[in-house]
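Reading through the structure tokens given below for one structure.
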Amino acid sequence: MAPWLQLCSVFFTVNACLNGSQLAVAAGGSGRARGADTCGWRGVGPASRNSGLYNITFKYDNCTTYLNPVGKHVIADAQNITISQYACHDQVAVTILWSPGALGIEFLKGFRVILEELKSEGRQCQQLILKDPKQLNSSFKRTGMESQPFLNMKFETDYFVKVVPFPSIKNESNYHPFFFRTRACDLLLQPDNLACKPFWKPRNLNISQHGSDMQVSFDHAPHNFGFRFFYLHYKLKHEGPFKRKTCKQEQTTETTSCLLQNVSPGDYIIELVDDTNTTRKVMHYALKPVHSPWAGPIRAVAITVPLVVISAFATLFTVMCRKKQQENIYSHLDEESSESSTYTAALPRERLRPRPKVFLCYSSKDGQNHMNVVQCFAYFLQDFCGCEVALDLWEDFSLCREGQREWVIQKIHESQFIIVVCSKGMKYFVDKKNYKHKGGGRGSGKGELFLVAVSAIAEKLRQAKQSSSAALSKFIAVYFDYSCEGDVPGILDLSTKYRLMDNLPQLCSHLHSRDHGLQEPGQHTRQGSRRNYFRSKSGRSLYVAICNMHQFIDEEPDWFEKQFVPFHPPPLRYREPVLEKFDSGLVLNDVMCKPGPESDFCLKVEAAVLGATGPADSQHESQHGGLDQDGEARPALDGSAALQPLLHTVKAGSPSDMPRDSGIYDSSVPSSELSLPLMEGLSTDQTETSSLTESVSSSSGLGEEEPPALPSKLLSSGSCKADLGCRSYTDELHAVAPL
């Protein structure tokens, strides 16, 4: 060989040795540099290298940013998926590389890289969001994509990875996974590395529950291993990162205990690791909910008892409130025991004392509520004040037998006291009648019996004034609190006036003033106080009736004006032909009775002249009776039934047009059946004296001048026969103004 050839070979050999050592150092250094560089995350980085195209830049995060993965287009699976494995901090780290598919690449906004252990539930996720360029095209289909490194992976463990493009119409489960297995420790690290040597694991790892605490006990390694403390990693099964608890190794015992306090119940993954990461053991433990001592019956009792106590207090409060309301309403019922005993002891003596006779006059033009008040007031006078009351609503038999006007005159003459219940209707019609009478005209309201009664009472009042002032005490005018003193007619100004129920004690004393010598001083005043009158059922019934009248007035303040406002009379109706009867001149009463049960009453009575009589005789008869015949022949404008003429004709009438009793009582209901509440409140002894069959009472105030209606049980033959010799009361009514 030529010398120059030998010289060249030696030169190349030396050069190769020198360059080889440098290349080896460079290769090792670059590997270590790569390991140091790839163990950390990059926020933004290029996704392709040496592709000949523009770089694609992604923004990386750990799937915390929520982007809707569902789209409207199909994006193909990732292509050419490869796994790059290397060691980071003595553990396995991998990087995923792939290329995008051509289908739907123009709609691609990013990727999600999901890494899971095959036989465990651990899951790691990375999200790559396309930053530059904003949109890809088919020229990028061979561009390589690269994920961030996945750290802290186990040696020789099976994993799978999914690269899911988004937004895609396909679901995550529709993309195929890529399976791989991590390499062994000695392939990724040096064989003499401690991490690759077999490591010691505790033989026993015990977990126990103490209330809401969890205690982990394990036997530690021998002292020659050099372990100073252990790390206890724990988390719920479906939570994210582990929580760590440091447990110091106990030197005096062979076991070490670590207490986890106030842990929530659930399924836990517990991992024991030593300080050099050479000892690791994993366990699963289910921590049960803690049953409080207040659970079960104790809790039920603890809940029920307060509810019962609260309900009891609420019930007691309600009862007290209602009792207070009742005390406010019936405050007059509260009487001292001594006063009650005095009142009870006084009752037998009062039964022996004569009961003053009282005649009650009232208006029938103030509605049914006012009539209820009057009826309750009559019962109250009889029950509580110890009076014998004459009320027409109670004695229809006497009215039918004697005649209404005759009955009124008789009761005015017999009664010791005459009480006129004044009201708006009475004031209006009495004043109107007097005005029409003075003016010579004939007004509405004629035929009402209370007008006749008031006129007779006024005449008696004038006579009493002329005789003696003591005789005036017989006449009393009362009005309730829904009326006023102005409702007292002017012709009754001489009478004693009382407002009820404010002046109830004075009224009771007035009614018993004639037997002051028999009673103890102040007895009736105490008995008739506002507090005492609620003690009886009749008093409470009167209270209710007054309240009903107040309510009616509040609902219709102008009820009286609506009912009695003057209006143009309607056209005269056709009147049925009159059948005249002529006979011997005697006056007979023909009573037409409505067939029905025993409670029915006589509906219509008219007088007939049975002989030819001249007009002068008729006029003479009417003047003596105090009647206005011409006014009687016309119907009243206020809607009340007209008086039937005493000496005229007989006309046939059907049951439908027969006049009723104008408010004294309803002919369809027996007067013995009272429609007001609590009327049974009369005491036994007073009920005996005020029974409907034996009482002298009947009202003067509400009836019309009709022949009296007899109960049908008294009319066995179907007709009523009146006395032929009807005596006249012209001597009693000689000064009464004609109606």
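Every residue, even glycine, has its Cβ placed from backbone N, Cα and C.
What Swiss-Prot says about this protein:
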type: COMPBIAS; residues: 667-702; note: compositional bias 'Low complexity'
type: DOMAIN; residues: 355-509; note: domain 'SEFIR'
type: CARBOHYD; residues: Asn19; note: N-linked glycosylation site
type: CARBOHYD; residues: Asn55; note: N-linked glycosylation site
type: CARBOHYD; residues: Asn62; note: N-linked glycosylation site
type: CARBOHYD; residues: Asn80; note: N-linked glycosylation site
type: CARBOHYD; residues: Asn137; note: N-linked glycosylation site
type: CARBOHYD; residues: Asn171; note: N-linked glycosylation site
type: CARBOHYD; residues: Asn206; note: N-linked glycosylation site
type: CARBOHYD; residues: Asn277; note: N-linked glycosylation site
type: REGION; residues: 614-635; note: region 'Disordered'
type: REGION; residues: 650-719; note: region 'Disordered'
type: SIGNAL; residues: 1-16; note: signal peptide
type: TOPO_DOM; residues: 17-299; note: topological domain 'Extracellular'
type: TOPO_DOM; residues: 321-739; note: topological domain 'Cytoplasmic'
type: TRANSMEM; residues: 300-320; note: transmembrane segment
Distance from Asn62 (N-linked glycosylation site) back to Asn137 (N-linked glycosylation site), taken between C-alpha atoms, in Å | 26
Specify the secondary structure state of Asn80 (N-linked glycosylation site) as given by DSSP, simplified to three classes.
-> strand
Cβ-Cβ under 8 Å from Asn62 (N-linked glycosylation site), same chain, 6 or more residues apart: which ones?
-> Cys125, Gln126, Gln127
Around Asn206 (N-linked glycosylation site), which residues of its chain at least 6 apart sit with Cβ under 8 Å of its Cβ?
-> Val216, Ser217, Phe218
Within 10 angstroms of the C-beta of Asn137 (N-linked glycosylation site), what count of other C-beta atoms is obtained when all protein chains are considered?
-> 10
Between Asn171 (N-linked glycosylation site) and Asn80 (N-linked glycosylation site): CA-CA distance (Å) | 21
